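In what follows, a structure is listed as structure tokens, so that the remarks can point back to it.
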């Protein structure tokens, strides 16, 4: 169709005034929107199009080869060791190993002292090497892909490896190919220069996005030799902002501006476009995707943080033991100073030809040496094997979480992802859950439900509407095209649209749905079907809301069939019509609306606008049709109360003067290089005024399956749920009731303030109200804890405007007081950074663990700020998943993740840490008791190899197996009784009290192990090596029996690991004593042949384990905790017949 004559041909000058998503804000703004100053040559990159040699004559710019691998063959060893020794414990053991190499301090053999540290370093290095080998392999595949690049000698496109592409070269990308670098578009197969790209490799979004080539380059004949050689691009230096690009291009003596819509980034795929030609501006490591390739920030688990406290206490114990030994050694040397000449350990005089003394340096130095030697002997008081054991246990836990079918989402075919292996146990201690709403609690699959047109409500309060039959289709040649999805329609509205009688209501209804079909950035894709006579129209777009509105328009007879940068084709009730797209103002967070200027078939020009009600009612003409505006507001409130998302639709006819004024203002703003974004927004706001209201739409974002039951279980577990959403207050409250977050019994505290003073007063009133309710509550003692069955439940509802005056001010403390008293907090109209600010507030004000869960780019800051971040694999791309610690498909999976796996992981890891401390402490105290009877000389009866293998082979495997497989309670019990989760919140399995009791038990068991053989063999002639073998076997058997007493769930792997380690210890001791070069040759065979040996072993086991067994039995019988009661319930009640879950998930009730 020819252009509109009165206004001339408009070459689709798309105005980029903000984000392209009409309902979901993205974090960050483009560089041009932020009004940066004009680029000076010193601050800019100059690129000569088609001439990489002149662009980068000295090869200073990055090549296009990428490297994600961390190491090279030459740097692996030093760099990997440097990274591993960031752990202070590793430095400690390195110092110990070095000290043992000194002749004066050598206690163990030099090789034996290095073995434990070398083993841990080797295991970690092998793991890191394998991971880096995989990265190297991926890099090779990526760098050797082929690209079509212009040969400067003849101007023809020839294949070239990606890694050889240089900045300034002209490339050609074909449909479904991946872009090899960041390139500015010069031309596309579309005559108007439009290209459609998919950024799934960049930000995870699968919807298509539009990019444009400037008309100054698109109009050049592609067949000419060097068609773009005259161009010069001045662009900003490489940066991470994937939504911004500031540049200009000089071509044919004319300077044109370039923005984010003119650049295709590396990793994007070309879709629905035959080919696209562009010039490389950033390559390799300087591309935006590579600059953003850093992972989520590293997090440490709470248990590992608390370990530092116990490690310091153990260090103090170690220093105390070493001090006692060294001081006693000094006293002993003083008393026996006259006998040292004949002492085999302290001979003062050398009776050889030399006149020097040796092995004695005076009492002072001997005390110092003794202290250092004591540190070497008692070094395993701080268990080096604990770190590698924790890593292996977490790896095993992650394996079983990933394999858990209860966390598998069939609808999206997505498995659970464990992206951070170091915080598994934190899942068992969560106290606050911060959740996004759209796409997290809801499906983010929008469905058009109802509309209000010219004040007339076409829902009658009934949602969903009645199904009015088939979907509207369009006949194209001999084929039938119809939308891929159908929407239920209202019969009355359908009849109005198709009525032959012309009425004002019918005219407005047609304008309403025409606005829905026109005012969007949706790209219609024609999809083949099995039926050759039928094709489907798949609407692709960045916003699910836009898709829902376009599908709704199609179901009512306004089918969007084709889109180019210059026009769209719409089938209007069976009549195909072309509409010229003269201008497009995309959505931005300031205006909160988008608009499109359309040249209609009747030669008129219309402006269609849609947006949030708070922004639209400010630009609608209210001097006329005031009753219609009020009726529309009533309908919007009714839709919001039903939990629907609302948009207001408006229209304005533009005269020639209006259009020319807008066109001139746009051209002036778009050519400015200073404050371009601000000027373009001003142009958009200027034309979006005096609108005529057409109506409003109601879109349902359905709750995900099982969300209400999941929230109920989470709250019963003592976890407070906060919902942080960008939706309006009415919609958020409605969803809150739907998902059982809010109840009718709750007292709501609402804070909506527009000034600092009113916000302060609202907070003070809220504090007073909460204090008053706490005073009159029958269970006021527990109101601050969120417990108690008869207390008055409170819910806080606060909006983003109020948070502006609260966060990072002295009012934060008041908000914290109110929020912690409330059972539920609902934050509406919050920005992404405000979400992160709220999470930071709770982290800074309390020690409670926080978890954030979301599915969109606007949730990334919140996810990274929380102690645990969970990404939902939803409709808004994978940005949240890529920034998260864990990822899953549905919100309801939080229940098995926290209540089951979180509980298991916490109790396993807590026990593993305490057990490792206990296991090593027992061994160290045995060595200490022996030193007291050997003139404090630090000789050891236990062989050095047994000392080394104790933490590596003798006792390491069982604790790892238990840390992976042990389960104190079954899945169905933990799901049925969510209150059991609170054990982790109260630190019941790992605290200072338990640590002290464990150390006391360690001392007692070491006394039993040492003194029973000592007293039994005191008058015998048995040698020290034989006693050392007895002590070795005794301590290994005792600590493994101790572990066996605490195992909750036995299986063949647990049996094999515990009893197998005892057998392995016996075999190792026999092998060590069979080597004639080592001290203690044949010692084990001398002592094992006596009955006293076996009697001592039996006595040690009984005496060592009896106090713990007695305490355990009495405690569980007279003072059982919740976990122990639940275990008894599992044993003595038939819980299989009971209701196992309140959550409608078949997988949760499957037998274990």
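Quick reminder: no glycine exception, Cβ is built from N, Cα and C everywhere.
With a cut-off of 8 Å between CB atoms and residues at least 6 apart in sequence, the same chain places 723, 724, 725, 835, 853, 854, 855, 856, 858, 859, 862 near residue 436 (ATP binding site), listed in sequence order. The ATP binding site annotation in TrEMBL covers 436, 437, 438, 546, 587, 610, 645, 725, 726, 727, 829, 835, 858, 859.
The domain 'P-type ATPase N-terminal' annotation in TrEMBL covers 60-111.
Residues or ranges marked as domain 'P-type ATPase C-terminal' by TrEMBL: 881-1121.
Beyond the ends of the transmembrane segment (112-130), by six or more residues, the same chain brings 70-71, 76, 80-81, 84, 90, 93-94, 96-97, 100-101, 376, 380, 384-385, 387-388, 391, 944-945, 947-948, 951-952 to within a C-beta distance below 8 angstroms of the stretch. Feature annotation from TrEMBL assigns transmembrane segment to 112-130 (among others).
Look at TrEMBL and you will find 312-333 (among others) tagged as transmembrane segment.
Among the features that TrEMBL reports, transmembrane segment is placed at 363-388 (among others).
Same-chain residues lying 6 or more positions outside the transmembrane segment (917-936) and placing a CB less than 8 Å from one of its CB atoms are 310, 314, 317-318, 321, 325-326, 328-329, 332, 345, 370, 374, 377-378, 380-383, 386, 942, 947, 950-951, 955, 959, 995, 998-999, 1001-1003, 1005-1007, 1009-1011, 1014, 1031, 1035, 1038-1039, 1042. The transmembrane segment annotation in TrEMBL covers 917-936 (among others).
Positions annotated as transmembrane segment by TrEMBL: 948-965 (among others). Taking Cβ pairs closer than 8 Å, the transmembrane segment (948-965) reaches residues 108, 112-113, 115-116, 119, 380, 383-385, 389-390, 392-393, 396-397, 400, 908-909, 911-912, 915-916, 919-920, 923, 1032, 1035-1036, 1039-1040, 1043, 1047, 1049, 1051, 1053-1054, 1057-1058, 1060-1061, 1064-1065, 1068 in its own chain, all 6 or more past its ends.
As annotated by TrEMBL, transmembrane segment applies to 994-1016 (among others).
Long-range contacts of the transmembrane segment (1028-1045) within the same chain: residues 915, 918-919, 922-923, 926, 940-943, 946, 950, 954-955, 958-959, 962, 1005-1006, 1008-1010, 1013, 1058-1059, 1061-1062, 1065-1066, 1069, 1073, 1080, 1083-1084, 1087, 1093, 1096-1097, 1100-1101, 1104-1105, 1108-1109, 1112, each at least 6 residues beyond the stretch ends and with a Cβ under 8 Å from a Cβ of the stretch. The transmembrane segment annotation in TrEMBL covers 1028-1045 (among others).
Away from its own ends, the transmembrane segment (1057-1078) comes close to residues 943, 945-946, 949, 953-958, 960-962, 1025, 1029, 1032-1033, 1036-1037, 1040, 1043-1044, 1047, 1084-1085 of its chain (Cβ-Cβ under 8 Å, at least six residues beyond either end). Per TrEMBL, transmembrane segment is recorded for 1057-1078 (among others).
Long-range contacts of the transmembrane segment (1084-1106) within the same chain: residues 1004-1005, 1008-1009, 1012-1013, 1016-1017, 1022-1023, 1026-1027, 1029-1030, 1033-1034, 1037-1038, 1041-1042, 1045, 1069-1070, 1073, each at least 6 residues beyond the stretch ends and with a Cβ under 8 Å from a Cβ of the stretch. What TrEMBL records for 1084-1106 (among others) is transmembrane segment.
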Among the binding-site residues 438, 858, whose Cβ has the fewest other Cβ atoms within 10 Å? 858
Chain residues in Cβ proximity to the transmembrane segment (312-333) (below 8 Å; excluding those fewer than six residues from its ends, i.e. six or more beyond): 340, 346, 363-364, 366-368, 370-371, 374-375, 378, 381-382, 917, 921, 924, 928, 931-932, 935-938, 995, 999
For the transmembrane segment (363-388), could you work out the same-chain residues 6 or more beyond its ends whose Cβ comes under 8 Å from its Cβ atoms? 87, 89-90, 92-93, 96, 99-100, 104-105, 107-108, 113, 116-117, 120, 123-124, 311, 314-315, 317-318, 321-323, 325-327, 329-330, 333-334, 337, 346, 912-913, 916-917, 919-921, 923-924, 927-928, 931, 936, 938, 940, 947, 950-952, 956
For the binding-site residues listed here, 645, 829, which shows the highest count of neighbouring CB atoms within 10 A? 645
Using DSSP, what's the helix, strand and coil tally for the domain 'P-type ATPase N-terminal' (60-111)? 25 helix, 0 strand, 27 coil
Among 436, 437, 438, 546, 587, 610, 645, 725, 726, 727, 829, 835, 858, 859, the annotated ATP contacts, find the widest CA pair distance and round it to a whole Å. 26
Taking all protein chains shown into account, the Cβ-based neighbour count within 10 Å for residue 726 (ATP binding site) is 24
For the domain 'P-type ATPase C-terminal' (881-1121), mean pLDDT (0 to 100): 91
